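Encoded as structure tokens, the structure appears first; notes follow it.
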Amino acid sequence: MRVAPEFYEFLRNRINISDVVRQKVALTRKSGNYVGLCPFHQEKTPSFTVSNSKRFFYCFGCKAAGDVIKFTSNISGLSYNESAIKLAIDYGIEIPKLTAKQKEFYEESDEILNILELANKFFRTQLTPEILHYLHERGITEETVKEFSIGFAPKNNKFEKFFHDKNIDIIKLGKAGLIGKRENGEIYNLFSNRITIPIRNIYNKIVGFGGRVLGEGLPKYLNSPETTVFQKSETLYGEHKAISSSYKKNHSILVEGYFDVIALHQAGFSETVASLGTSVTENHLHKLWRAGDEIILCLDGDNAGIKASIRTINLALPLINSEKKISFIRLPSGLDPDDAVNKNGADFFAKLIDKRISLSEMIWHIEYSGKSFKTAEEKANLEKNLKNYCSKISDSDLKVSYYRFFKDQIWQNLVTTQKKATTKNSNLAPIISSHGYSELEILEHAFCALLVKFPIILEEKDIRDFILNLNFNNKSLEEFRNWYLNEIIDNNVEASEITAIVEKTSFFDIFLLLSKTDNLFLDISFNKNNIRLDLLWQWLHKKYYLINLQQEYAITINSTDNHDFEKVLLYKKEILKIANELQVLNESFINHTIT
């Protein structure tokens, strides 16, 4: 009885793999997964792990790995299809009958798979010493040639004769994606004079080929056309080998080419896969995330690689969250992954993995590095582009984190760096001379920004008194606060006249910094028409109170010989209370203002 591959996925989702495994293995819960003694080899220390969330098992000892169907197959000795049927019967799951059209489809698929397997056997027999020498020159060992079933498609008619002798006609070869048709109607071997690299699906079945031209010729690389069994948007080169390693290491490495995958596998990075001459798709990302929580992209550093990175970033942003991540390896100029590992060794590439950057860091690198931001228009365009990236993130918490990250980068790389040279003798110098800001200093800036942007808030006597009596750590800001209240607010200066007045004073740099539309000291945009000043003030006031509470708590702990535990407890209780209130305000205000 044949079942559709879609039913395999249904079983993986329906049946907890741990429920099936514990019928044969005593499992113990550990770090969200299960561990036990491997049923496939003798061991005294448990190295067999099972993950319900990833629907996967893996043995660190014998390397056995797979899904719930594969486990049943390994235990029972049944085929994969037979194991799926057994699981369905055991769990009372109805097996959908194939329609006549489905039967025809799967019969054709089986025939194509058989033809592709035959083609690969033929290509393997055509390897010559010259081709093996070429592969060895590329750093590929004879063992790796065998492991990846690398072959060669000759120019002569041996290919056609091979299949003719097996009574396989041109039509069937066409359905398998093995032949092409010239404009004059001539039929030819699609991979003629090319090194052949079989492409296998997750079940280790050959579904197509990649071909690398021998010598000069275009295109240099060629893939099988899409067929009944081969869809580029679904398939990743090397996935049949990589999935178990990805599960073990909790990450995958995604590269561009076949030889990148082969070189990295040979060097020990068996979690590597490649997209097949097409852009990365959502299907690719979800497939890799099922095996590991992080996808590490390692693309060429040229313009094409940067463009591919941008496409992948835009695709991934709506899909990522705090658990499912994307990161990037930045290769040295002129190197692709194949070169990186063959010329510099496995240790060099391992260090590149260790130095990988996050998706947010890659966005900043793409938008900032090597560009000029001298004009207001250039800076505005940078902020516009960064906000556009943030807007694509579906996870609200992550969206806020990205927004804050970019705000911090703008501050560190644009404001601080560009103003240092021109403000050594101004009141801004004490602000930007520090390498970082304490939370209290950031709040001082925020209070002053509020004063500049929303003077209407001073109509509330309590708020005016608070700001007026605030004792600033940064004395330059305190002087600005005093001057601004006395000269601008108390004299009811019109908004249109303020800049001209401040420009004549030593406070102009501070004024420019604080009056930016997008305030650098808060995760908000002041150009929002619907900004809630009441919530903003509550947030600032509570944050200020919390910081002072924490400082008093620290002083109490450090200065009391025999701690006044009752006092300490009161501080802890109040700190927790205010922190919770701030969290509520964060959700109702900060998230609201960046959407």
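Cβ atoms are placed via backbone N, Cα and C, with glycine included.
In Swiss-Prot, the annotation zinc finger applies to 38-62, one of the ranges 13-37, 38-62, 313-337. Per-residue confidence over the domain 'Toprim' (250-332) averages out at a pLDDT of 92. Across the binding-site residues listed here (Glu256, Asp300, Asp302), the residue whose Cβ sits among the most other Cβ atoms within 10 Å is Glu256. Residue counts of the zinc finger (38-62) by helix, strand and coil are 0 helix, 8 strand, 17 coil (DSSP-based). Note: the Cα of Asp302 (Mg(2+) 2 binding site) and the Cα of Glu256 (Mg(2+) 1 binding site) are spaced 12 Å from each other. For the domain 'Toprim' (250-332), DSSP puts the residue distribution at 33 helix, 16 strand, 34 coil.
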